[in-house]
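Q: One structure, as structure tokens, below. Some questions next.
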Amino acid sequence: MLLLNWRHVYVATIGLRFFFALSNSYIHPDEHFQSFEPLAGLVFGFSTDLPWEFRLTDPARSIAPLLVVYYSLMQLASWIQLSPMQTFYLVRLAVMLVSWMATDWFLYKMLPTKQERIKAIFFVLTSYVSIVYQSHTFSNSVETVLVLAVVYLINKLRFLRSVPSNQFSLNEIAYIGVCIGAISAFGVFNRVTFPVFIVFPALFLVPAILQWKRLVPCLLIGFCFTSAVCIVVDTSFYHLIPVWETLRHVWQRPFSSYVIAPLNNLMYNSRIENLSNHGIHPHYTHVAINLPQLLGPGLIFLFGRGRNMYWKSTPFFSAMGGILFLSIVPHQELRFLVPVVPLLCACFDLTVFERFVKRNISLVSLTLKFWLVFNVLMAIVMGVFHQGGVIPAVDYFHTSHSIQASPYTIVWWRTYLAPTWMLGDTLNTTQFVLINDEHAKFEVDSAKRNHNINAMGMLRANLQLVLEVFGKHAKEIYVVTPIASFEQCFEKSGYEKVWNYLYHMDMDHLDFTDLSSLKPGLGIYRKIQ
């Protein structure tokens, strides 16, 4: 099955990649608030709700990777006057294409035989993580490509050590060293977690450094130059000064005035009280919960006989390092492990059943079928339904002239944070408020014409107070909430449904004892005054 039909699978997944890249699923707020939101004001002049990581004092995220990955695409969208929704699709398509081509290329170049390449690319192509997550604008999606790039380069150095010296040049070694250093620095500024995936593979650099002395300065040149560029860009961005002005006084500025975003991020996340604001998880969460969600039946091919025949390979070292070190931190989200998926797909052992039974091929085929079913189901859930109505709802508000004709308040309840940049507010007339049960205090900015309230999952009683307060300042109030939540918690006579979207599921408020909570869909309801 694997060898005969892999080409058919490859062709089929091309269409699936485009389909899911253009779907409206919304996996985590960071895919908007750590990509589009910080740049939308700069490129389009939109009023945006900047997340805490990008505040001007002690910024915890670097703007440099966002400029490299997204700025040119968003600038293109601005030049050709695309709408926010069209810009969203353009960037998603670009992320999907780059991720797809880079992943396939690195795996193809890294693996030694045709069968190994086909196997790895087959499992990566059919993984819902690759098809869905890698088309979303996470920093984790970028991190996955960067990890693969460095693992490939380190693996190439391992290979070059095993061949005669007349088959390569020292310039090639120097080039690889500069690339490893530069990509590693960029990876750190993209996500501070990047080094955990490189720690174990970096052990293979030790004998390479002993063999080629020039490797160390090349690594340092690549790392230091890229870091310096990112620091200058971040310093200019967060101090609101031109880059050339920063460069002109580069030696006169005190060191403390430079913005080193990864260091600020590390300092922030080293404090348990800060992590508790984002969720504290048991240390086994990645291994016992997140990894099975990512790989499903594929875990059988990894550890089906208690060990893995690829345990000495560079991809396996990288994946295990990432899982191990990320498990030490008590904040463990599933997306943090996304980079391990293509690495572990390259380490799937299809001979896993040989020592137990003679009918190895039949069991492999059965496991493959379970793998495909698992990934199809997860792709539909995460790639279509998961918070799938939020983005179309924001686009509805952006394009509805009847709503924009008078002052309005939008209250989002039991949804993810609405990507406010997509409202396309160029007049700075919208107040953005984020509240929940623990932080329910807010002030109404009467100077703002409109109000966008992210009430998330606050109690219905507290939500009623919010509606009453903002009802005094807006002519129209719209509540955006899952259809199931509206039918359970609101009086229908007090609201008029003005819009709905079927392909939406709120996975955070499911109650399997009450089947009505499973009803899909998101609605926009106008409060009847």
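In case you wondered, yes, glycine gets a Cβ from its N, Cα and C as well.
Automated prediction, rather than curation, is the source of TrEMBL annotations.
Model, not experiment: these values are computed from the prediction.
Pulled the feature table from TrEMBL, pasting it below:
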type	residues	note
TRANSMEM	88-108	transmembrane segment
TRANSMEM	142-160	transmembrane segment
TRANSMEM	172-189	transmembrane segment
TRANSMEM	195-212	transmembrane segment
TRANSMEM	219-241	transmembrane segment
TRANSMEM	284-303	transmembrane segment
TRANSMEM	310-330	transmembrane segment
TRANSMEM	336-354	transmembrane segment
TRANSMEM	366-385	transmembrane segment
Q: Between the transmembrane segment (366-385) and the transmembrane segment (195-212), do 3 or more CB pairs sit under 8 angstroms, pairs being 6 or more residues apart?
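A: The transmembrane segment (366-385) and the transmembrane segment (195-212): touching, no.
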Q: Decide whether the stretches the transmembrane segment (142-160) and the transmembrane segment (310-330) have at least 3 CB pairs under 8 angstroms, with pairs required to be 6 or more apart in sequence.
A: yes
Q: Which one of these stretches, 88-108, 284-303, 310-330, has the most C-beta pairs shorter than 8 Å to the transmembrane segment (366-385)?
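A: Ranking 88-108, 284-303, 310-330 by Cβ pairs under 8 Å to the transmembrane segment (366-385) puts 284-303 first.
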